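According to Swiss-Prot, the protein has these features:
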- 22-133: domain 'MTTase N-terminal' (DOMAIN)
- CYS31, CYS67, CYS96: [4Fe-4S] cluster 1 binding site (BINDING)
- 157-386: domain 'Radical SAM core' (DOMAIN)
- CYS171, CYS175, CYS178: [4Fe-4S] cluster 2 binding site (BINDING)
- 389-460: domain 'TRAM' (DOMAIN)
Amino acid sequence: MHTSVFKEPKNNDAVLSNHCNASVAFLHLGCEKNLVDTEHMMGLLASEGYGVSSNTDDAEVVVVNTCSFIEQAREESVRALVGLADQGKEIIIAGCLAQHFKSELLESIPEAKAIVGTGDYQNIIEVLQRVRQGERVNQVSENPKFVGDENLPRYRTTGRFVSYLKVAEGCNYRCAFCIIPTLRGNQRSRSVQSIVNEANQLAKEGIQELILISQITTNYGMDLYGRPYLADLLRALSHVDIPWIRIHYAYPTGLTPEVVLAYKEVPNVLPYFDLPLQHSHPDVLRAMNRPWQSDVSSALLNRIKEQLPEAVMRTTLIVGFPGETKAQFDHLCAFVENQKFDHVGVFAFSREEGTEAAKLPNQVPFEIAQARKDKLVAIQQPISAAKNQALIGQTVDVLIEREDLATGELIGRSARFAPEVDGEVRLRPSQVLFNDLHGKIVPALITGSELYDLTGEINHLN
């Protein structure tokens with residue numbers, strides 16, 4: 001169930017208003033999967049008549065949905081909590097930090113009135129009621145099992161025309177560097193019908209781009225149907241009236257020939273492959289507890305390019321993993337040079353307590369890991385620039401999302417750009433009013449390119 005009222009978010013904070021005397025502010029930190037949980041909590045409170053604002057100055061209670069994936073994310077979460085505590089706010093700590101540290105947070109932050117785990121956010125109404133009665137609440141399940149569906153109220157904050165849809169929760173993989181299974185539990189997939197129902201709800205709200213997410217989207221359905229079921233899901237979504245469907249977190253082992261064929265044949269599925277490969281060298285992948293990947297990565301990428309020449313490839317990579325030698329890093333550099341990805345995100349390894357990687361010998365010094373990150377980014381940048389430059393003179397579809405009030409330019413994205421992580425397309429001022437184009441997918445002639453972004457002009461309108 002989705003609330004019908006929408007307001008543009010500001011600074012990643014959720015905005016709601018209602019007639020209820022109680023005022024609750026929401027602050028979201030972390031990934032888009034966490035964002036969906038935030039939106040469900042907002043929807044639940046809105047359905048009960050609570051007033052919710054992004055303005056923490058006026059709020060009696062602040063719900064902070066936190067991230068604890070890596071140290072940098074934890075530090076950001078802690079800074080936000082300390083800042084609110086210094087203001088004397090009553091705080092409800094939700095999300096991964098709450099799941100990670102549990103009652104320790106209540107002990108160390110007196111202003112924390114409740115902690116809500118990743119599998120417990122559906123109880124936010126009861127938690128808030130107990131807090132208002134003076135209780136300090138520990139609502140953290142040891143093993144998260146809950147997964148939200150289309151029947152759980154949700155208040156979207158991602159704009160009127162783009163929405164994430166979580167197809168599964170949790171993860172069954174045990175990568176050596178990752179703490180997510182501890183924070184989110186094992187994989188729990190939603191049914192195809194549940195996902196289609198929510199997609200149809202979103203289509204009625206005018207959504208133009210739907211982004212399917214989970215920890216490993218290509219493993220969708222294995223726990224529910226006994227085999228990977230993404231191809232079946234994509235074909236079921238072909239009947240949903242949403243022009244762009246994008247898939248994030250496609251692990252290579254799950255991109256079977258059937259899935260790649262579904263990408264090709266389902267008209268509203270974008271040929272955009274988000275592949276978190278992490279590394280290329282077999283020994284590093286083995287140390288990461290991903291030994292299966294080295295046997296499929298190159299062959300898979302070649303197969304995708306053969307079947308879908310227009311495919312857009314994004315990957316994320318980790319440098320400085322424990323024991324990574326110069327030769328292994330050079331192998332990764334050569335891999336990036338040869339594969340010519342459209343978009344690459346590079347991260348220096350973060351040593352996380354509770355992971356197998358934290359115990360490994362030969363930890364790479366921070367300075368070396370950062371230098372390797374910088375070098376890999378420098379290798380990828382001219383590749384990304386060349387990919388963009390090759391589009392000059394072509395006409396591409398652009399989803400218009402906002403207007404630059406200073407220049408009059410219309411700003412949006414082509415299908416090759418995912419929200420937040422990729423580039424954007426800036427179109428010179430048009431005689432057509434922004435309000436007439438907002439949320440529409442229009443043809444645009446690309447006239448210029450930058451490292452990550454494109455510029456152009458509206459070509460023609462039917």
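For all residues, glycine too, the Cβ spot is worked out from N, Cα and C.
Where Swiss-Prot records a feature, it is marked here on the structure.
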| residue | record | DSSP (3 states) |
| --- | --- | --- |
| CYS31 | [4Fe-4S] cluster 1 binding site | coil |
| CYS67 | [4Fe-4S] cluster 1 binding site | coil |
| CYS96 | [4Fe-4S] cluster 1 binding site | helix |
| CYS171 | [4Fe-4S] cluster 2 binding site | coil |
| CYS178 | [4Fe-4S] cluster 2 binding site | coil |
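Cα spacing between CYS31 ([4Fe-4S] cluster 1 binding site) and CYS178 ([4Fe-4S] cluster 2 binding site): 15 Å, rounded to the nearest whole number. All protein chains shown were included, and the count of other CB atoms within 10 Å of the CB of CYS96 ([4Fe-4S] cluster 1 binding site) stands at 28.
Cα of CYS178 ([4Fe-4S] cluster 2 binding site) to Cα of CYS67 ([4Fe-4S] cluster 1 binding site): a distance of 13 Å. On the backbone, the CA of CYS175 ([4Fe-4S] cluster 2 binding site) and the CA of CYS96 ([4Fe-4S] cluster 1 binding site) stand 18 Å apart. Listed in chain order, the extra residues whose Cβ falls within 8 Å of the Cβ center of the [4Fe-4S] cluster 2 site residues CYS171, CYS175, CYS178 are TYR173, ARG174, PHE177, ILE179, ILE180, PRO181, GLN215.
Remark: secondary structure over the domain 'TRAM' (389-460) totals 5 helix, 31 strand, 36 coil, with classes taken from DSSP. Shown in sequence order, LEU29, GLY30, LYS33, ASN34, THR66, SER68, PHE69, ALA73, GLY95, LEU183 are the same-chain residues outside CYS31, CYS67, CYS96 whose Cβ sits within 8 Å of the Cβ centre of the [4Fe-4S] cluster 1 site. A separation of roughly 14 Å, to the nearest angstrom, links the Cα atoms of CYS96 ([4Fe-4S] cluster 1 binding site) and CYS171 ([4Fe-4S] cluster 2 binding site).
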